[in-house]
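Next up is a structure, given as structure tokens.
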Amino acid sequence: MKGAGSASFLLTLLSTITRTSAHGYVSNIVINGVSYRGWLPSQDPYSPSPPIGVGWETPNLSNGFVTPEEASTDAIICHKEATPARGHATVAAGDKIYIQWQPIPWPDSHHGPVLDYLAPCNGDCQTVDKNSLEFFKISGVGLIDGSSPPGYWADDELIENGNGWLVQIPADIKPGNYVLRHEIIALHGAGSQNGAQLYPQCFNLKITGSGTAEPAGVPGPELYSPTDPGILINIYQVLTDYVVPGPTPIPQAVEVAQSSSVITATGTPTPV
């Protein structure tokens, strides 16, 4: 009986480790070869004067995730207790942004979709109230090949792409200040209620150009429900279809071929 109890304890411990050790964050974004610093949650919260970056700032939460049950709270907007980045990067409408994830590699068991949204700040993003942001989807890639469980997913492509993801800013978006919301949803535990892991990350952008499109968006806490078919799902079966969570991408959205980005310079985030 002691052996059985020990085995049960070890299984519980391993399950806990699996659920708590797989975490991640975006260290930097790259625009036309220029790298802009994000927010480093393992070190920046402890610095009396952390560098200005373009990534939204959070306490050190063990690089953890947002649960589906928290999808109706402001934790889902840009992660738990997130506050606006103190700087922004400038990008032209139509340009691509490479988003670099840490740790390298992203856990290969954490299969799931990769999603990208924009929300206009209607003013300075550095001082925006996150609850006022309304997001529209510019990219959403989910299951690529489900013939052999657990399947080949967007995050698997991200791993093969240098642990990063390429997204294009729609060419006809109206210029202005925007928050880019980028997210991986890990589905390895999603067969159980509240088992999916959501990793939202946000960045301040100044988009330039002559576009006129102003797509309608929705507040972050209205993007998902814990029982959405793309969030509550058993991926350890043959899947012929997968419904990517969230709203439909806007008509101007462009899915780009994934490729890594060569960094040629370090950019200085622009403060207010």
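Any Cβ shown, glycine's included, is placed from N, Cα and C.
So Swiss-Prot has the following annotated:
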type	residues	note
SIGNAL	1-22	signal peptide
BINDING	His23, His110, Tyr199	Cu(2+) binding site
CARBOHYD	Asn60	N-linked glycosylation site
DISULFID	Cys78-Cys202	disulfide bond
DISULFID	Cys121-Cys125	disulfide bond
BINDING	His188, Gln197	O2 binding site
At the level of the C-alpha atoms, what whole-angstrom distance separates Tyr199 (Cu(2+) binding site) and Cys78 (disulfide bond)?
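Cα-Cα, rounded: 9 Å.
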If you draw a 10 Å sphere on the Cβ of Gln197 (O2 binding site), how many other Cβ atoms land inside?
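Taking all protein chains shown, Gln197 (O2 binding site) has 23 Cβ neighbours within 10 Å.
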Could you list the residues of the same chain, at least six apart in sequence, whose Cβ is under 8 A from the Cβ of Cys125 (disulfide bond)?
Pro84, Ala85, His88, Asn177, Tyr178, Val179, Asn204, Leu205
Using other CB atoms within 10 angstroms as the count, which residue among the disulfide-bonded residues Cys78, Cys121, Cys202 scores least?
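Candidates: the disulfide-bonded residues Cys78, Cys121, Cys202. Fewest Cβ atoms within 10 Å: Cys121.
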Sequence order is fine: just name those recorded positions in Asn60, Cys78, His110, Cys121 with a Cα within 10 angstroms of His188 (O2 binding site).
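Cα within 10 Å of His188 (O2 binding site): His110.
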For Cys78 (disulfide bond), what is the secondary structure by DSSP, using just helix, strand and coil?
helix
Among the recorded positions Asn60, Cys78, Gln197, which ones place their C-alpha within 10 angstroms of the C-alpha of His110 (Cu(2+) binding site)?
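Of everything listed, what lies within 10 Å of His110 (Cu(2+) binding site) (Cα to Cα) is Gln197.
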Using C-alpha atoms only, work out the spacing between Asn60 (N-linked glycosylation site) and Cys78 (disulfide bond) and round it to an integer in Å.
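So the Cα of Cys78 (disulfide bond) lies 14 Å away from that of Asn60 (N-linked glycosylation site).
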